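Feature list (source: Swiss-Prot):
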type	residues	note
BINDING	W66	chlorophyll b 1 binding site
BINDING	W86, S92, E105, R227	chlorophyll a 1 binding site
BINDING	H108	chlorophyll a 2 binding site
BINDING	R110, I161	chlorophyll b 2 binding site
BINDING	L155, E222	chlorophyll a 3 binding site
BINDING	Q173, F270	chlorophyll b 5 binding site
BINDING	Q173, R184	chlorophyll b 4 binding site
BINDING	E181	chlorophyll b 3 binding site
BINDING	K221, Q239	chlorophyll a 5 binding site
BINDING	N225	chlorophyll a 4 binding site
BINDING	H254, A263	chlorophyll a 6 binding site
COMPBIAS	45-54	compositional bias 'Low complexity'
REGION	1-65	region 'Disordered'
TRANSMEM	106-126	transmembrane segment
TRANSMEM	136-156	transmembrane segment
TRANSMEM	160-180	transmembrane segment
TRANSMEM	228-248	transmembrane segment
Amino acid sequence: MQLSTPPEVPDMKNTYSNNECPAAEQELCSEQGGRAGKSTKKGAKAVSKSSSSANQFYGPDATSGWDLQHQHPRLPTGEFPGDYGWDTAGLSADPETFKRYRELELIHARCGLLGALGMVTPELLADEDGIKFGDAAIWFKAGAAIFQDGGLNYLGNPSLIHAQNIVATLAVQVVLMGLVEGYRVNGGPAGEGLDPLYPGEAFDPLGLADDPDTFAELKVKEIKNGRLAMFACLGFFVQAIVTGKGPIENLTDHLANPAENNAFAYATKFTPQ
């Protein structure tokens with residue numbers, strides 16, 4: 001017994017044009033045309049969804065994953081270095097406030113970079129090169145070394161001028177930082193209109209900002225590493241309070257005995273017994 005195959009339904013859209021489709025077959029033509037239109041729309045939506053997903057987190061078309069209702073416009077538009085649209089507190093709602101916060105973040109990020117470096121370098125030099133810093137190698141004990149005999153010993157070199165007066169040290173620091181900050185805020189020594197955040201010139205002796213593409217990349221690297229440095233400095237502060245040791249000594253202790261020297265082990269010491 002041989003089974004007969006069902007007859008194939010002709011593709012009316014390919015057989016006839018819109019104007020040539022016979023009246024008796026108009027219904028079949030319309031059905032196939034509707035299916036084709038739906039398929040085309042689905043394909044267009046898929047392409048649109050694929051292309052929009054690339055801009056989901058970056059650039060002016062990005063949407064914030066934290067704002068599920070999208071009830072307010074997304075103001076960080078990706079035009080600033082390190083802007084990825086994460087502003088759950090709405091700190092960028094007011095442009096003037098956002099401008100101020102951006103300036104404060106960048107200045108503190110730079111201070112964090114220098115501060116984190118200054119917190120670990122004396123300890124590294126004391127351990128690796130054997131420079132006799134004494135207690136001044138620990139960053140939170142360095143200031144107290146001014147009150148010791150001989151004052152603050154720079155690099156263990158007796159021929160250098162050592163800080164022995166905390167008032168004079170503070171005054172010199174205020175003057176030096178005031179001159180630099182005044183230069184930056186006023187746009188140069190004679191109000192030359194330099195960018196207060198990226199003044200260049202004397203602040204860029206190596207010419208790192210000469211190439212625009214390289215400069216844009218360095219801006220992002222600076223703010224990202226600066227944010228990490230600020231968190232690192234916060235961690236160093238907490239370590240100093242909890243352990244009474246510097247960051248390098250804490251790291252050495254942790255590597256020697258991770259089970260006993262870690263954040264959880266120290267946290268349990270402060271729990272009620």
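Note: Cβ is positioned from N, Cα and C throughout, glycine not excepted.
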Please determine which of the binding-site residues listed here (E105, E181, E222) has the lowest count of neighbouring CB atoms within 10 Å.
E181
If we take the Cα of R227 (chlorophyll a 1 binding site) and draw a 10 Å sphere, the binding-site residues of H108, E181, Q239, A263 inside it are H108
When you scan the chain for residues with a C-beta under 8 Å from the transmembrane segment (136-156), skipping those not six or more beyond its ends, what do you find?
118-119, 122-123, 125-126, 162-166, 169, 236, 240, 245-247, 249
Report, as numbers and ranges, every residue of the chain located at least six residues beyond the transmembrane segment (160-180) whose Cβ falls under 8 Å of a Cβ in that stretch; write 'none' if there are none.
143, 146-147, 150-154
Rounded Cα separation (Å) that holds between F270 (chlorophyll b 5 binding site) and A263 (chlorophyll a 6 binding site)
11
Give residue numbers and ranges for long-range contacts of the transmembrane segment (106-126): same chain, 6 or more residues beyond its ends, CB-CB under 8 A.
132-133, 136-139, 142, 155, 197, 222-223, 225-227, 229-230, 232-233, 236, 246-249
Hey, which of the binding-site residues W86, F270 is the loneliest by Cβ count within 10 Å?
F270
Considering Cα atoms only, can you say which of S92, E105, Q239, H254 is the nearest neighbour of the residue listed as 'chlorophyll a 4 binding site' among these binding-site residues?
E105
Local Cβ density at H254 (chlorophyll a 6 binding site) - other Cβ atoms counted within 10 Å
15
Inter-residue Cα distance where the pair is Q239 (chlorophyll a 5 binding site) and A263 (chlorophyll a 6 binding site), in Å
9
Taking only the binding-site residues S92, E105, H108, R110, H254, which one has a CA atom nearest to the CA atom of K221 (chlorophyll a 5 binding site)?
R110
